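A short worksheet on the structure shown next.
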Amino acid sequence: MTMSDIEDSDVENYDIAGKLALRSDDELGSDDEQNTSGEEGEEVELQDEIVSSDDDDDDGDKGKDTGKMPPTKKAKLDRKPGSDFDFASLDFEAEDNEEEDKTLSSILALSNPTAKKAKAGSFASFGFSKFLLANIAKKGYKQPTPIQRRSIPLIIDNRDVVGMARTGSGKTAAFVLPLIEKLKLRSPSGVRAVILSPSRELALQTYKQVKEFSHGTNLQSIVLIGGDSLEEDFGKMMTKPDIIVCTPGRFLHLKVEMQYDLMSVQYIVFDEADRLFEMGFAEQLNELLLALPSNRQSLLFSATLPRSLVEFAKAGLTNPVLVRLDADSKLSENLQMAYFTTKRNEREANLLYILQEVIKMPLGTPEEVKKLAAMDKRSIESDEENEEAKEQNNGKKRKYKFKKERMPSAKELPSEKSTIIFVPTKHHVEYVTSLLKDAGYLVSYIYGTLDQHARKNQLYLFRIGLTKILVVTDVAARGIDIPVLANVINFTLPGSSKIFIHRVGRTARAGNKGWAYSIVNSSELPYLLDLEIFLGKKLLLTSMHEAKCELLKKKQGGSFIPPRINYTERLVVGAIPRLDLETFQELYENLLRNNYEIKVLKDVAAKGEKLYHRTRQPASQESLKRSKEILETNSWDDQHLLFGENLEKMKDDFLAKLQNRNVKETVFELKKKGVKENDSLAEFMHRRRRQLAPIQRKAQERKELLQKERLAGLSHGIEEEVLKIDGEASGYNQNVDEAELQETFELGDEAHNKKKTFKDPQFFMSHYAPASVIQDQQLSIASSFANDAQAATFDLDNDDKLQKNKQQVMKWDKKKGKYINSMSTDKKYIISENGTKIPATFRSGKFDEWRKQRNLKPTSSLTNNETPENNKRFKHKKQSVPKLPDKYRDDYHKQKQKVEKALDSGMRVKGYNKPGMQQELKSTEQIRKARAIKEQRRAKNARPSRRK
């Protein structure tokens, strides 16, 4: 069927979302910045992106369309049965990428004539305007990523979308590009788009992309983040911008403080949606959602979302479509991981060893240290001068322009060994930063409560490559704009598998390879086993690999080749070589001994870690049981396979052979060897050995039996693992076949009420629990975001780690004369528009004071229907009092005429009164003043009144 046949056919109602739902087996794209050019000013031609491939044909074929649309299967916009609020899901059929791109271009050409000549699979095939295509080309983007290719057409078609793709797949551009395409021009009606980001850094990063893609338009966009001046934000909001990029706390504060009307919002985006709904903003988010119009378009994007998204009905989605790209592959295929076991007090030594021996991190040269100190000093001085200028200029900041270093492009590493270290609390940030600086490394640091100016400065130093290491917490690292990294180090293993994905997702982007190193102790082993199930990647201990090699030796004989260790598909666990680790432990102890400040910071971090362990979510019971079994084998802390042969173990094996010799004697027996006389000590040792022999034999048999039971309980043994074909997935993932998909989902456009099966998903109990069920349990969102924050899937811990659930303690209140709950506060609440209680601190009256100082109308008088412009041209009608005439000036008579004219018009001029203008009757204020003056004169003169 040709394109002309399609246009002439009776079937004209093409569902864009339906036709785009084609399953492709291509790998996920890299991050937003993967295709950016090295220079911002580089000119890129648009011809390659817009011109159709038909233009390259021969002249004889021009005007002749010989291509046919590939046969496609209609997409299934499915709904889960048995749910009150159904979410549609895009069912991607297995098709080649080329066919999918051609189909996408053909379908969009039907709805948008500007996309008819667009090259298949390009940004122009979406029907974007010329200015937007030019901005995309300036950024260096050539082809859309999978999440962009599948979600942008749905967004343009005004569908609510829930997008799930891993970190760095281009989610930001997926909602920013259609947003700008739909808004295009400035509108005085008010705010039309709101983008909510969970962190300040992510908001700034999104705002930067909005500004770059909207270049050439008159769209006005602002960014609202915590830490900035409220007065500046008041001024921004009063300009009625088109696009607001903000963090939820500051935006809700301004909304309540200013009583701002949001009924003009057409487009709202929840970036990193899972985190937004788990930050404790339950009441405030409900208030915000109710303040938005019902016909808005809502979009949710995140790297990790559960398969069942019914709970996101709170966000007010209408007939949403789920676009999910990483249901099976949650990590980059280029990411290699290594897990190093540690003892209680050797975590810092492990960190120093990884940096120096594994990553080969260079120490800072004297020139680099001097340059870093100079830039820090310059930043502090400019900040102080900025504060002084702000006080002198009535709150206006003075911008200082310094010569900035060249930022690397998105494809370049900030530095060759750029490494980010994740720690649990802000106390650990200060401790680890001081430790590494004292060891000679160049370090930047960021945590949640750090000043905004300091954040930008620390991130800038890392981006330009002046510092090689960045120490962060999970809260602060969310959304930090670092396109490419070489290494990620987990100082402690996170308590959630989703947090781990967000951490390690910062490396191995844009087709680059990356490493993720994690330091794990025995208490964190259950979380590692949870991660094993969640990722679908099996644990690999050194003993397991050695047993595998022995089995292969028996099978292959002389042709044995040691198997290659796959650090991408397996979780390889082991310890750092003992002798080397002891050297770095001595180095750490010397640093601690010579620097009192580090010792103090270590004590503070230790207290914070105790509270962190007390409040983090527990591991699953199954993982706790398995961790005990692994710890009993005493093989989980063998030397890591990354370091080759274990010389210490070879020495121990040799000593064990000596210990298992046939003739065993003690020193008492050796002395009396060859002497026929009976010796009491030698006889005693013989008798003792005969008594212990049965006990030792039973203990050995018990150990072997436990080992057999453990191996029998595994899903597959070492033999099965060896016989596997190389490259085959060795995890717990189970591919869902087509029959199960058709049974689970329904067509989105049809309202089917009949059940597909007799099973009730709420009560049916299967005879087995597949691994996908465990994965969904870890990905699931609790029934209530507000009430079950503890059980939420992805709960990032605060930097200072305040305890969430403290026991209620009663204390005596002297003023009230009774015992009160120590947890109770006198926080005042106000009733919002929908009747919910919100903190009264949100309504402090600062905006009213700011407005009165500037003589501005209240926001209630600037509603959408009563805008100041009102689409009319204003005429200047203000009349001012003329200047008083001066005899000694040339314009005396002219000014006198102006005064007379003003008096005739009824205006009052000081010193000039016409008949009838002066008020004859005195006011009460004039009478009071006259009496006061009279009393003063009488007291001054002190003379009695004259009597006649």
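One is the number of the first residue shown, and numbering goes on along the chain from there.
Each Cβ is built from the backbone N, Cα and C atoms, and glycine gets one as well.
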With Swiss-Prot as the source, identify the stretch among 271-274, 411-414, 503-506 annotated motif 'DEAD box'.
271-274
With Swiss-Prot as the source, which of 121-149, 150-178, 585-613 is set down as motif 'Q motif'?
121-149
DSSP three-state assignment for Gly170 (ATP binding site):
coil
Counting across all protein chains present, how many other Cβ atoms fall within 10 Å of the Cβ of Gly170 (ATP binding site)?
24
By DSSP, what is the split of the motif 'Q motif' (121-149) into helix, strand and coil residues?
18 helix, 0 strand, 11 coil
Using DSSP with the three-state reduction, classify Ala165 (ATP binding site) as helix, strand or coil.
coil
Give me the count of other Cβ atoms within 10 A of the Cβ belonging to Ala165 (ATP binding site).
26
Binding-site residues: Ser169, Thr172 - member with fewest neighbouring CB atoms within 10 Å:
Thr172
I'm checking region-level scores; what's the whole-number mean pLDDT for the motif 'DEAD box' (271-274)?
77
